[in-house]
Structures are given as C-alpha cells and as structure tokens.
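Database features (TrEMBL):
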BINDING   402, 403, 404, 405, 406, 407, 408, 409  ATP binding site
DOMAIN    6-163  domain 'ATP-sulfurylase PUA-like'
DOMAIN    172-386  domain 'Sulphate adenylyltransferase catalytic'
DOMAIN    394-546  domain 'APS kinase'
Ligand code: PPS
C-alpha cells in the first residue's frame, strides 16, 4: 500500500528492532557487558536510528564514516549524509571497549533499549568536527558548545534494538517513519510537503504552508521537532497544544501532524540537507526551507552564524540526488490593506505590512498585552497565554544576602506579611536559620558547605517560582558565584530579585543580637562571616538597603516597588 511513495534514503527503510526471542537473548547476554545510560541527545538519535528515521544508518557511525561525513558530507558508501551521528562516552568506558565488544545501551531508568556491536573506539578531533560541521569553533554556537561538553571518546557500530524509547506524552502523534508512510498510503497521498519547525505556528506559518502545498500540488505534513531544540525555545508540550489547536484551521484532509523526536544540531545548511533526508524517510517528497533554516541565529556581537539563504543553497545543490524538492519561502508578512499574508517582497508599493517578532511576542505575553487576531488564531493565543502567564501571575524569588545581624530576617518577615496581605500567590520564607535547622541540618560553614546550602535553597526557590509561588530566601550567601548560579536557575522560570542588606559590619557587630560576634571574636565560633570568613558583596544587586539608615518596613516597600517596576506585582491592584 506504500509502494507508490518516495523510496527511503539509500533505498530501504531501516528497522533495527529485533523480535522478542532475540531481545530476550540479548537481554540475558547483557549481564556480562558494560552498560551505558544514554544522554538526552543520544536517546533522540537512538530512537531515529532504531525506527529508520536515519535510514540508511544501521548504528552509530564508525570512524571512517564519521570522518567522511565530517569532511565530504557522505558515508563511506558514497551516500549523502551531512551530520555525524556518534555515541560519545567517557574515557573509563571507552577503555573497556574494543572491536568485537558488546555494549548495552539503556535509558536513564536502566531499561535496556539496544545492543551495540562495537566496531570502533576513538578519540575524535572535536575542533575539526566543529569547524567542518558548523563552520565555526565559537562556543556561542549551541552545536559547538555541545561538542565541547560531550564525552571525549566515540564508539561506533551496528545496533540491535530491543525496544524504542518510552514516551508517555502525545503518544498518538509520535509516529515512526513506517507508520507515517502507512498513513499516507491509506489517505492516498503521494506528494507530501513537510514543514519542519521548533516554534509555535501562527497565521503566517499557516499561510506559507498552505501556499507551499498548493504550489507543489501536494498534501502537508506538519512535522515539528520535539526532541532537543534551541535552548530557550517554547517547551514542546505547549507547542504541540498550539499545533493541535491550529490543525482544524486547515482544509479537511489536507494536513497531518506528527512529532519528530530529533535532537537538532542547529547546523544551518548541513542541517537542512539532513532534515530533507529524514523527511524522505518519512515518505515526504518536498521540504519547506525558509530564511536561516535550522540556524542558531547570531552570536553576541550580532553576527549571524550563517547567511539567510545558505541552507536553501546547499539543499538546492543536492536536491536532484536526494529526490526531495526544496520549497523555498521568504518571510510572510501581514499586508494590512489587503487583509492577508504575502511574502515580504510581494507587499504592494506603499502598503503597510505588519509582523510580530518572537521577542515582541514574548514581551506581549509577559506584560499580558493583546495578541492581535491577524497574528495568531485566538485558540493558539490562549494556549500560549496558559503557559506564559503575564508577569504579575508568574512566580518570583526575593533573595536576600548580607552579614549575620544585618537585618535580613526582619525585612524578609516584613515583606512576607506585605505579600500575604496582597494575596494571590502562596509565599514561602526560607530563612537562613530555618533552612539550617531543616534542609541543611548536617552542614557546617566551610565554603563547600555554604555553597551546598545556597544551592539547596536555590533549588527549592526555583521549584516554588516555577509553580507560580513566591519564595523569600534570607541566608548570608557570602559567595558571589553561587548567588549567580541561583539567579541563572530561577530567571528562566520566573522573577529573581537580589537584595543586598548592606548594613556595615560594625553595626551588625554592635547589635550582636545572638551574641555570635562576641563568640567569633573570642575564637569560640570559627569561620564566622565578616570576622574570620569572607563576605563578597554583590556587584549586581537589584535593591541595596542598609538597616542602620532604613527601617525594615521601608526596606520591604523598596523591594515591593522594584517588583512593581519589573511587572511581578501589578501596579493596578485590581489585577491581583
Ligand atoms: S550561609 O553562609 O548562607 O550558608 O549561612 P546561613 O545558612 O545563612 O547561616 C547563617 C546563620 O547561622 C549562624 N551561624 C553562622 N553564620 C556565619 N558564620 C558562621 N560560622 C556561623 N555559625 C553559625 C548565624 O546565626 C546565621 O544566621 P543569621 O540570621 O544570618 O544571623
């Protein structure tokens, strides 16, 4: 029923899953083999190797294939393949393996997914790989950063699959190449345009996919990546709900949605060719390739890693050999006077065109501002709003730092009460002393222990923040680097305000409410912050207060104003 479809890359659709009998045999034999718990990226690669998404590959690349792919975009056999598919492992494991060894590949719960027949173990030149594959060695490129952090040895060889990786989400949309092909066969689709995306789809995307399908006289496979995309992208749960909300807006029976568990490399031009190969394996005849397809954007100086149409050019070069037609598209913009979307170079002279960038959309969501209907359908906007509530509904952390006796706890308590009085969000106070009695009761005051303590507080605060609550933390937190670490942990999931309680040491010591300074001076308490242990004052505090000059409730009010300025507390209280 699927014979009429485009042939897979290399001619045959690979299926590496073995039958139950062989699986049991491998499972039993694995008792004597070394094991490797695959990383998140390796898990994605493994899934597409096992189900034929990476046909004609039969396993992780051996050295000769890897070098040939790296330098010439081809496997040893001459078949086009632009991206290394490698299994990186640490030195200790590599030392246990040689040609002819067996390696059990397991998921992070220890379930055995595949057996690797080791053919090659080597230490790759990762710099050369970065240069050839990504065209840069800059660690600002996420693909290069990954290479720099991965394990130093590669292991290549043929795979036998025991079972595919387990997923519990959107199961009906997680289809193998064989299942997608089967579906096309049933629907009588022969020409299919694939649309690759790692972002939510709005009306511009719908217009361009409809146009592409119409121009190619083909049906449409919306094939979003749900494996690993660019750090900071909208999470795949939200995106898939957006795609599902959009799907009924397509003409009946012309578009299908299926999820691709791909770990993107963001390799731009090479990645575009790879995407075409993968979609060919899923039975697609066309691939839509836009501006800066699968690129990571620009570096910190604003220089793009790839030219806007490099990806289109490289795929064009290989289009005929592959048999997959590239459907190029330009930016679609909304022409207000025409009340429709058109490519940016087709906007009539003098007409006003509108678009909303990703950054602008994020800002609108954060501020709870309107998302216009010309930009996205209301049901898609609703999904995005649910996952990206405006700032005044998001969680946040207020993190105090300062010497013992500086007034942290007093201000923290005043702030706690003010926030409870406002209501709307649950508030948790993680005071230094309370944490030390509960969460960190076994820790002392060495740098190592203090850092562990702050990391624990940061972890709890980030969970509270992520779930829409307010965490007030009031430890001494004398070290800058771990404070920064906590900020980095929390900022992606909500607000973070660092408050430096900068009451001078003399004042704290004179107050000596707990009598600890006297003990520290007498040498009874060792490693006491400010006396016999360092305190690194923050250079980037959001609020600085000094309780020798400011009353606790005034200080709490300053923090509230800062939170208002950042939008985490609505200036208009009726919004709470
Ligand atoms: S840290 O550095 O952030 O892990 O410290 P923290 O968890 O906030 O604990 C500080 C409280 O413990 C008491 N204490 C000490 N502080 C500093 N140095 C030493 N050696 C020490 N020994 C005990 C002190 O009461 C601190 O509480 P606060 O509320 O800051 O006065």
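Count begins at 1; order follows the chain as displayed.
Heads up, the Cβ atoms here are built off N, Cα and C, so glycines get one too.
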In sequence order, those binding-site residues of 402, 403, 404, 406, 407 whose CB lies under 6 Å from ligand 1: 404
Model confidence over the domain 'Sulphate adenylyltransferase catalytic' (172-386), averaged pLDDT: 94
Under 8 Å by Cβ from residue 406 (ATP binding site), counting only residues of that chain that are 6 or more apart: 501, 502, 503, 508, 547
Cβ neighbours of residue 405 (ATP binding site) where a neighbour is any other Cβ within 10 Å: 22
Count of other CB atoms lying within 10 Å of the CB belonging to residue 402 (ATP binding site): 31
Least surrounded among the binding-site residues, given as 403, 407, 409, when other CB atoms within 10 Å are counted: 409
Residue, out of the binding-site residues 404, 408, whose Cβ gathers the largest set of other Cβ atoms within 10 Å: 408
Assigned element (helix, strand, coil) containing residue 408 (ATP binding site), judged by DSSP: helix
Assigned element (helix, strand, coil) containing residue 402 (ATP binding site), judged by DSSP: strand
ATP site shell beyond 402, 403, 404, 405, 406, 407, 408, 409, criterion: Cβ within 8 Å of Cβ centroid: 476, 501, 503, 508, 547
